[in-house]
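Structure first, then comments.
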């Protein structure tokens with residue numbers, strides 16, 4: 001029987017039509033094709049519900065940026081709702097002040113801009129007539145007629161209607177983003193704990209690491225980009241003011257917004273400023289604006305960005321360019337803004353998941369992750385960065401002790417004496433004067449142990465017969481020869497052993 005089995009085991013398996021190298025390659029190609037199809041379907045579905053996806057992504061980015069401030073307020077004793085409301089108020093004041101400044105600046109310099117645009121158009125008209133390429137008045141008039149016909153056509157009307165629809169979608173998306181951001185800031189740890197319900201054991205540890213790494217990368221990217229954008233807008237705005245370019249404040253705000261589009265955003269904003277300078281101030285001032293934009297961009301890219309961003313964004317420039325192009329094609333300007341942080345977070349999540357193997361994760365790390373996740377789910381945690389978990393351990397210990405004391409049916413409690421070595425517990429089932437189950441003996445103020453206090457409080461009780469069964473909830477009887485009073489409590493934890501040797505039966 002054994003020889004037959006060994007002979008059959010040594011026989012090579014029959015080769016089917018798909019078991020050669022070409023068949024394996026075909027199977028793998030089919031798997032890759034299926035994954036690509038699923039990815040395309042997922043992207044198409046996300047595009048169809050972009051009115052929900054884009055506000056959610058924007059809310060997540062803002063929550064990652066200002067979440068540490070909310071958690072800092074909560075650690076100072078503020079409630080979750082109050083800390084979130086204060087953060088919201090500061091955020092609205094910031095954006096409201098920025099938008100108000102832009103509107104008033106445009107309204108105050110609108111007349112100058114119109115006159116500069118008219119003068120620039122006359123210069124362009126004269127250049128077209130006297131330039132190297134001859135253009136007669138008939139061609140210019142034909143171009144004007146085409147512009148008028150296009151402006152009065154049904155295409156523009158349809159575009160206006162679609163523009164109104166886009167404006168409605170914009171305000172609906174903005175309102176949805178505000179609501180989602182509020183819940184992300186107020187109940188972020190509960191939402192994260194709910195998402196972690198699908199993970200257990202070592203996968204829970206890795207999932208928490210992925211979440212912390214992703215939020216750290218996202219928050220660091222947003223805050224670093226905001227600092228870089230602020231520096232760019234301030235220096236370019238000062239250059240525009242010194243050169244006398246109109247609309248310097250709105251142009252500086254455009255530079256600030258454009259800096260959130262990597263590689264090209266700030267450059268395009270600088271080109272726009274140069275064009276306005278060309279129309280309003282002439283070619284020399286426009287050239288000076290271009291030089292100022294180049295100098296600021298070089299200083300930002302070579303000195304400021306490496307210091308501010310640090311190692312937060314570890315993505316190659318080619319990946320940034322590809323993600324930027326794909327995001328622009330899929331969702332326009334919003335896609336250009338969201339593409340790079342999404343790519344950075346995806347890369348950080350992959351690295352965090354593959355950083356450590358499952359077998360290298362200890363049981364202590366698993367237990368700690370489960371406890372912290374439970375705290376997050378009850379709203380007692382502050383999930384933002386791994387460093388803040390150390391500040392949460394004191395709160396965790398206090399909550400655990402509080403829940404253990406209030407749990408009904410618990411037959412054991414910790415008793416702390418001054419010496420630390422005299423701590424013990426006593427449960428004497430055969431003694432009518434002994435404390436009942438669920439009660440605890442407390443140590444006196446002079447440091448006397450709980451067991452000694454329990455033994456001396458009731459005369460000389462008779463010992464239970466040998467071989468008597470244990471007391472309730474697995475607590476050993478008083479006749480235990482080693483003095484062990486530790487048993488399995490109702491909460492599943494092991495009690496503490498008495499540290500004194502000898503029989504636990506008190507003598508007369």
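Glycine residues also receive a Cβ, built from the backbone N, Cα and C atoms like all the rest.
What TrEMBL says about a protein is an automatic prediction, not a curated fact.
Keep in mind that this is a model prediction, so the values were computed, not measured.
Lifted from TrEMBL, the feature list:
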- 29-47: transmembrane segment (TRANSMEM)
- 53-73: transmembrane segment (TRANSMEM)
- 85-107: transmembrane segment (TRANSMEM)
- 160-185: transmembrane segment (TRANSMEM)
- 210-230: transmembrane segment (TRANSMEM)
- 236-261: transmembrane segment (TRANSMEM)
- 268-295: transmembrane segment (TRANSMEM)
- 315-348: transmembrane segment (TRANSMEM)
- 373-508: region 'Disordered' (REGION)
- 386-416: compositional bias 'Basic and acidic residues' (COMPBIAS)
- 432-488: compositional bias 'Low complexity' (COMPBIAS)
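Most Cβ pairs under 8 Å with the transmembrane segment (236-261) belong to 268-295, among the candidate stretches 29-47, 53-73, 85-107, 268-295.
Long-range contacts of the transmembrane segment (53-73) within the same chain: residues 46, 82-84, 86-87, 91, 173-174, 176-178, 180-181, 184-185, 188, 215, 218-219, 222-223, 226, 331, 334, 338, 341-342, 382, 384-385, 388, each at least 6 residues beyond the stretch ends and with a Cβ under 8 Å from a Cβ of the stretch. Away from its own ends, the transmembrane segment (85-107) comes close to residues 62, 66, 69-70, 73, 78, 113, 181-182, 185, 247, 249-250, 253 of its chain (Cβ-Cβ under 8 Å, at least six residues beyond either end).
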